[in-house]
Amino acid sequence: MAKRQLNRRQNWRIEKIQGERAARAAKRESSAVEALEGGDLGPEQTGLVIAHFGVQVEVEALEGELAGSVSRCHLRANLPALVTGDKVVWRAGNQGIGVIVAQLPRTTELRRPDSRGQLKPVAANVDMIVIVFAPLPEPHANLIDRYLVAAEHAGIRPLLLLNKFDLIDEQNAPALNALLAVYRTLGYPVLEVSAHHGNGMEQLQQQLDGRISVFVGQSGVGKSSLVNSLLPEVDTRVGPLSELSGQGTHTTTTARLFHFPGGGELIDSPGIREFGLGHVSRSDVEAGFIEFNDLIGTCRFRDCKHDREPGCALLKALEDGRVQQQRMNSYRSIIASLPESSY
């Protein structure tokens, strides 16, 4: 059944109610912080945000007597929005509730637009973005390329991970092999694993060790199953594929950070079906297609749109086979999705 469209007044009323609720929650949180700071708080120490729950976060102590322990913390009102992976300065309270007093600088930040088009960080200090896809639901190069552009734009190393490779058969093998060949030719690291059978999981663990990684990909590709295989002691609920859409049902409800025994961390985030790139410019997208690097700026016309213009270096490379048609299609699709202000 089609979703009911809301008129302007209904949208305004919903936003007004949500704003009032947020204001009341912020006031309650401010009162709680004041009460804590009025009592006995421990010394300032560094911590790592491992989960976010509305106006509170879970912080793992990184030093001192509490090192390794986890505390629920309030946030001071003057702090920016925190996300999983943030390093912070916090103070412990007497009753297991602490207060975050400062955010430490981020080395990297993974952001995406929310439902209103506003940029929101989803993970911080990430070293590697693992782009997960599977034979089912059918992988789309355009979505993979959007993740790659986001990774290049954020300065985060990407890893392409084909999960459920045991589901490859005579029907889907040609398309999957062709898809993987494109990225291997470009030099992107590609792994094929099966979280269900365990194949390739040791090689994946080697890639994850020593890094802070985040798994991204549409629902149903097995991100939660991968976490369960890598960290058997963690109970991440797994939802079945929808019989109607072939896409997975959302299971993980909040980004959470897990430690691997051999070193390194994983941030498991909710499935993302469409990764928006409204915050990037045309030049950012061009830079995200690494095979374009030596071609951009060599077209006959400075304002070349790489469409049908004579003397276009990208079109010549496409004709020569140095640029794959699949990648050019993705590039054009991403460019077409950008707001005009990004041009």
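A Cβ is built for glycine as well, from the same backbone N, Cα and C atoms used for every other residue.
Record features (Swiss-Prot):
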DOMAIN    116-275  domain 'CP-type G'
BINDING   N163, K164, F165, D166, G217, Q218, S219, G220, V221, G222, K223, S224, S225  GTP binding site
BINDING   C299, C304, H306, C312  Zn(2+) binding site
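Structural mapping of features recorded in Swiss-Prot.
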residue: N163; record: GTP binding site; Cβ within 10 Å: 27
residue: F165; record: GTP binding site; Cβ within 10 Å: 18
residue: G217; record: GTP binding site; Cβ within 10 Å: 27
residue: S219; record: GTP binding site; Cβ within 10 Å: 22
residue: V221; record: GTP binding site; Cβ within 10 Å: 28
residue: K223; record: GTP binding site; Cβ within 10 Å: 31
residue: S225; record: GTP binding site; Cβ within 10 Å: 19
residue: C304; record: Zn(2+) binding site; Cβ within 10 Å: 18
residue: H306; record: Zn(2+) binding site; Cβ within 10 Å: 22
residue: C312; record: Zn(2+) binding site; Cβ within 10 Å: 20
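The two recorded residues C304 (Zn(2+) binding site) and G217 (GTP binding site) have their Cα atoms spaced 32 Å from each other. The Cβ neighbour count for C299 (Zn(2+) binding site), using a 10 Å radius over every protein chain in view, is 19. When the Cα atoms are compared, G217 (GTP binding site) and H306 (Zn(2+) binding site) turn out to be 29 Å apart. A distance of 34 Å separates the Cα atom of H306 (Zn(2+) binding site) from that of N163 (GTP binding site). Predicted-model confidence for the domain 'CP-type G' (116-275) is 83, expressed as mean pLDDT. Classification of C304 (Zn(2+) binding site) by DSSP places it in coil, neither helical nor stranded. The DSSP secondary structure for S219 (GTP binding site) is coil.
Taking the C-alpha positions, the distance from S219 (GTP binding site) to C312 (Zn(2+) binding site) comes to 38 Å.
The distance from the Cα of C299 (Zn(2+) binding site) to the Cα of V221 (GTP binding site) comes to 39 Å.
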